[in-house]
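Annotated features, as they stand in Swiss-Prot:
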DOMAIN    1-54  domain 'ClpX-type ZB'
BINDING   13, 16, 35, 38  Zn(2+) binding site
BINDING   119, 120, 121, 122, 123, 124, 125, 126  ATP binding site
């Protein structure tokens, strides 16, 4: 039984040593005292540990349908790729949960790392980011072109894991269930299929270096990065439950696909149904592992990527939808920024299509839309905060193509 110490002679907290004059309250027990500050601290520690335990237990994996529904809120089009990614991610984390709970029925479930092929600006990185956000797991992006095999100047492959650790605030257990997206993976392809004549060390060597972490290994990760601190203690991270998604544009692989399909690409041959479906827009969806091998990825590397999907090139209609439809669409973001200045913002259909056409002309895809709309909006966002008489700003096609002034609808005009 605990009792109040008010009125007692001076006593001290048995935990922190503070006297009752230094704290608001001290509670006495049989031969022990505890102050209000230590009670609060104990409660915080217990609450935090309970929350962490619950989070570990409650790692519910959304169904593929739920994942696609979430992706639809942020990513326009690419229906086939969304389904493929949703199923692969669901199976991966179902496997992780089974391994953690021991419910694997003595059957070894292998990793389902993913290769995503798609033109620049088609949404490869954004899809991977969105998956990590939906699953609430740490996420890191690496650029394959910066990686080198051991012994050469550049980044070690272990630095990829370091980025994931940093995203997880160095919580190793969380990092071991994260997602890593490796971009520009096509840039580490061998320069020639005949390695005895041309051995591309920076390409094939990096592929070889990535094999172990893709499959699952205990990686020794330098917390300070790289080779500049050889005396640092390494952090051990098990990569067997980390989902790796690799992406690249694979420029020129269309030619390899067309050569393999031969006459079928123009509608001849026995499999006419498949032939009629092959177009310049969807040809990447017909890429098979043999095409990647011919492109320059080594067989062992391709074997670590059992799931493969392709993104279609975005056309004008796709880019207009990307500008306007997602929850975080660029148009909605800029409308909110202008609303915070007390005005409204409208883009005409001509303006939206002009921005989409400009992104296509620059071959930047969706990723180029931000810089285009920022350029269009720069003067508006500079002038508007100093004006209180503007009811609405209208951006039309000429604002995009000729950099003309937008139309300002003044509050007095609306009233009249």
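Every residue gets a Cβ built from N, Cα and C, even glycine.
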Most crowded position, judged by CB atoms within 10 A, among 13, 16, 35, 38 as binding-site residues: 35
ATP site, defined by 119, 120, 121, 122, 123, 124, 125, 126: further same-chain residues with Cβ within 8 Å of the Cβ centre: 118, 247, 311, 365, 366, 367
Candidate binding-site residues 13, 16, 35, 38, pick with smallest Cα gap to residue 119 (ATP binding site): 38
Minimum Cα separation from residue 125 (ATP binding site), reported as the residue among binding-site residues 13, 16, 35, 38 that achieves it: 38
Protein Cβ atoms within 10 Å of residue 124 (ATP binding site), excluding its own: 28
Rounded inter-Cα distance in Å - residue 120 (ATP binding site), residue 38 (Zn(2+) binding site): 56
Cβ-centroid neighbours of Zn(2+) site 13, 16, 35, 38, 8 Å, sequence order: 14, 15, 17, 18, 23, 26, 33, 34, 36, 37, 39
Nonlocal residues around residue 121 (ATP binding site), in sequence order (Cβ under 8 Å, 6 or more apart): 314, 359, 363, 364, 365, 366, 367, 368
Binding-site residues compared (119, 120, 123, 125, 126) - highest count of Cβ atoms within 10 Å: 123
Distance [Cα-Cα, Å, rounded] between residue 13 (Zn(2+) binding site) and residue 126 (ATP binding site): 54
Candidates 122, 124, 126 (binding-site residues) - the one closest to residue 35 (Zn(2+) binding site) by CA: 126
Distant-in-sequence Cβ neighbours of residue 122 (ATP binding site), under 8 Å, six or more positions away: 78, 311, 312, 313, 314, 365, 366
